[in-house]
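**Q** The transmembrane segment annotation in TrEMBL covers 18-37, 66-86, 92-111, 618-640, 646-666, 696-716, 722-743, 750-770, 790-815. The feature ATP binding site is assigned by TrEMBL to Asp151, Lys152, Thr153, Glu274, Phe316, Lys340, Arg369, Thr449, Gly450, Asp451, Arg531, Lys537, Asn560, Asp561. Summarising the annotation, TrEMBL assigns Mg(2+) binding site to Asp151, Thr153, Asp557, Asp561. Annotated active site, 4-aspartylphosphate intermediate per TrEMBL: Asp151, in sequence order. The annotation compositional bias 'Polar residues' is assigned in TrEMBL to 192-214. The region 'Disordered' annotation in TrEMBL covers 192-218. According to TrEMBL, the domain 'P-type ATPase C-terminal' annotation covers 584-824.
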Amino acid sequence: QEDSDPAVHESLSIENTLWASTVVASGTVIGVVIYTGKETRSVMNTSNPKNKVGLLDLELNQLTKALFLALVALSVVMVTLQGFVGPWYRNLFRFLLLFSYIIPISLRVNLDMGKAAYGWMIMKDDNIPGTVVRTSTIPEELGRLVYLLTDKTGTLTQNEMIFKRLHLGTVSYGTDTMDEIQSHIINSYSQVHSQNSGNSTSSTPSRKAQSSAPKVRKSVSSRIQEAVKAIALCHNVTPVYESRAGASGETEYAEVDQDFSDENRTYQASSPDEVALVQWTESVGLTLVNRDLTSMQLKSPGGHILTYYILQIFPFTSESKRMGIIVRDESSGEITFYMKGADVAMSTIVQYNDWLEEECGNMAREGLRTLVVAKKSLTEEQYQDFESRYNQAKLSIHDRNLKVAAVVESLEREMELLCLTGVEDQLQADVRPTLEMLRNAGIKIWMLTGDKLETATCIAKSSHLVSRTQDIHIFRPVTTRGEAHLELNAFRRKHDCALVISGDSLEVCLKYYEHEFVELACQCPAVVCCRCSPTQKAHIVKLLQHHTGKRTCAIGDGGNDVSMIQAADCGIGIEGKEGKQASLAADFSITQFKHIGRLLMVHGRNSYKRSAALGQFVMHRGLIISTMQAVFSSVFYFASVPLYQGFLMVGYATIYTMFPVFSLVLDQDVKPEMALLYPELYKDLTKGRSLSFKTFLIWVLISIYQGGILMYGALLLFESEFVHVVAISFTALILTELLMVALTIRTWHWLMVVAEFLSLGCYVASLAFLNEYFGDSHYLFALFVSADVAFITTVTFLWKVSAITVVSCLPLYILKYLKRKFSPPSYSKLTS
């Protein structure tokens, strides 16, 4: 620009932004870096993730604390019975060390290995392909869920839009009548072109046919043409051609000449709704073939290219809920302002009519997303006047947005209503049966969405989130404390009805009546929150955790669900159209919503039941040997002498019992098919009966009984040497443990049998070989092995061991049989 020219003032807006990774091809850039790092929208919407700990781990921690207290108490009792003689505090510490096996140190190792095994099983399940376990610490949580909070778009629905309905006020076109629109479009454009070309012979007959037809027909045809043209022009969609390299660099002539092949073209836009609209106009004959910053080209049914110059674009914002565009037709020079947006925003802008509100309601009830399309023709003077005011407003330093909006609003008056469009977002595969299954499993489902109330309600009905027979209470918009109080009272009077509430009303209720609101909402079979912000979604999750103390699960597919997924006890992400943000932030990532059924009913249930059994068994293993030590010390005048030497103790916790105990992670009470067929089985788990203080005390009693029998039996039956006590009692102990594992198992797996025999084999082998290896003189095994192989192979040894083992285990087998006969658990009724 030369100095003699007047200075040109331009405003800076989003259009002047250089995004990350942009390469400047020519010229220089003076830039300011704004809104980066912590100020970006996605970071401001996310919260710091917490470390998630499973409920089962917390419960086991409580039991471990109880065991520690028992250890201290037992040691004090022993010292007291000694009569505090001599250096009693030294004895106290010796007893603490002797009984330290009460504390299940191997519990954490076993559990963590179990969790890794569950994760591996989930990822290897062919019925839910593509599932990824990202957090190996909480697979048991999947079996304890009470609340499921789900997003709508992309989670329950596919986020694939299909154009379903066009309403012109007097006429409505559905999917079955689209061919009528197509014929109208072909007719009107063929006339336009024949008139333009001046070819009178071809135009005369069509004109005659047209004039003899009734007037209404003509008006409908022209209205359809206007509506379709408006939809084809008013958007932010760009057609993209895959293999055409030089299209943009060539001259105008070559572009018109270029083969715009339909197979080669894809549309790109920020919203799938817009793409659906443009694809629909293509299907009825008006195709968007090219677009750059200043112009758009449409192809008519006859193959003619229509060029429109883009003069201004007013992008869609969540505040204005509408977008506008001003275009100039190249052939006629007409300037038209097109606008489309949500019915709430557009109803005040368009000219008075009596059908818009009613039809919007009808479409929303069918589950369609509605957009209102309108236009206004401008003269050259009107546009020039508008442009100068608009540029002036864009240059203002203070309140720019308000001033710009005010100028645009001066145009948005008395616009001509063209049509109402309805686009459907299809439900994902098997959403209905999955939601039905979750409901039967006693899981309460809350849908948190950013969509408008009518659409959200409709999807809730069509997905059977709310059953057909159920009443729906739509919470009226409230802004003050008094209104919230009245509305809550109205809601309290209704029984067993689903609740639909908007984000703003929710905010007001939580501000003044948090406890009352959450209490009422938790009694609902289903809750739908619409117009929710990402932060609100996370807030609702935290509220449920805080007020109910129950386990929550959040499932979503987009970046706006990340904070909710991180706040929940268990987060599940779906890999969808909106990228992998949610799936990467989640604890479990799935590819389809329907997979959640198997994930919870089968894997969640199994993980919880297995870990509960495993945890209690490891505790039992420590308690039984401590009981034997206590009995041994009591008999020998409360001497703080160890019963078994170190090597045996190490072998006991590892090689002799490790495999069978760990094989409990393969146990299952019902087959996966049964668990899916009867989701009611899942309901029992939320009560936490598989691991509680009651079951723990039962295991403690079993341990004390068995430990006592094993020790007393060995003492009663021992011959001349003390050595036989050790040999007999330890062998009986190992056999008892192996039999107890067999008693706990509900469904046998071949690996379990292998583990049992492997452990038994290891023990028998160590009896034989360690004798030669250590020799009689070796202190560690001297006591045990001086019994020598001769004694171990005698019949006496075998019958004594067998007798003690039978006495310690048989009563438990009988009790288990009686319990299953007279008070069977719910799952056994299905397996029999």
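Placement of Cβ uses the backbone N, Cα and C atoms for every residue, glycine included.
All TrEMBL annotations are machine predictions without curation.
Keep in mind the model is a prediction, meaning the values are calculated, not measured.
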**Q** What same-chain residues lie close to the transmembrane segment (750-770): Cβ under 8 Å, and 6 or more beyond its ends?
**A** 651, 655-660, 662-663, 666-667, 731, 734-735, 738, 741-742, 781, 785, 789, 792
**Q** Which listed range (66-86, 92-111, 646-666, 696-716, 790-815) shows the maximal number of Cβ pairs under 8 Å with respect to the transmembrane segment (618-640)?
**A** 696-716
**Q** 10 Å Cβ neighbour count around Gly450 (ATP binding site)?
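**A** Here the count is 20.
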**Q** What are the non-local neighbours of Phe316 (ATP binding site), defined as same-chain residues 6+ apart in sequence with CB under 8 A from its CB?
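**A** The list for Phe316 (ATP binding site) reads Asn236, Ser271, Arg322, Met323, Gly341, given in order along the sequence.
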**Q** I'm trying to understand the geometry here, so how far is the Cα atom of Arg369 (ATP binding site) from the Cα atom of Asp557 (Mg(2+) binding site), in Å to the nearest whole number?
**A** 20
**Q** Can you find at least 3 Cβ pairs under 8 Å between the transmembrane segment (790-815) and the transmembrane segment (696-716), where each pair is 6 or more residues apart in sequence?
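**A** Result for the transmembrane segment (790-815) with the transmembrane segment (696-716) is yes.
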**Q** So, does the transmembrane segment (18-37) come close enough to the transmembrane segment (92-111) to give 3+ Cβ pairs below 8 Å, pairs being at least 6 apart in sequence?
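**A** Contact criterion not met.
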**Q** Average pLDDT across the domain 'P-type ATPase C-terminal' (584-824)?
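**A** Summarising the domain 'P-type ATPase C-terminal' (584-824) by its mean pLDDT gives 85.
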**Q** Same chain only, sequence gap of 6 or more: which residues have a CB within under 8 Å of the CB of Arg531 (ATP binding site)?
**A** Thr449, Gly450, Asp451, Lys452, Leu453, Ser502, Gly503, Asp504
**Q** Whole-number Å distance between the CA of Thr153 (ATP binding site) and the CA of Asp561 (Mg(2+) binding site)?
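**A** With distance taken Cα to Cα, Asp561 (Mg(2+) binding site) is 11 Å from Thr153 (ATP binding site).
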**Q** With Cβ-Cβ distance below 8 Å and at least 6 positions apart along the chain, what are the contacts of Asp557 (Mg(2+) binding site)? List them in sequence order.
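**A** Asp557 (Mg(2+) binding site) has long-range Cβ partners Asp151, Gly154, Thr155, Asn159, Gly573, Ile574, Glu575, Gly576, Lys577, Glu578, Ala582, Ser583.
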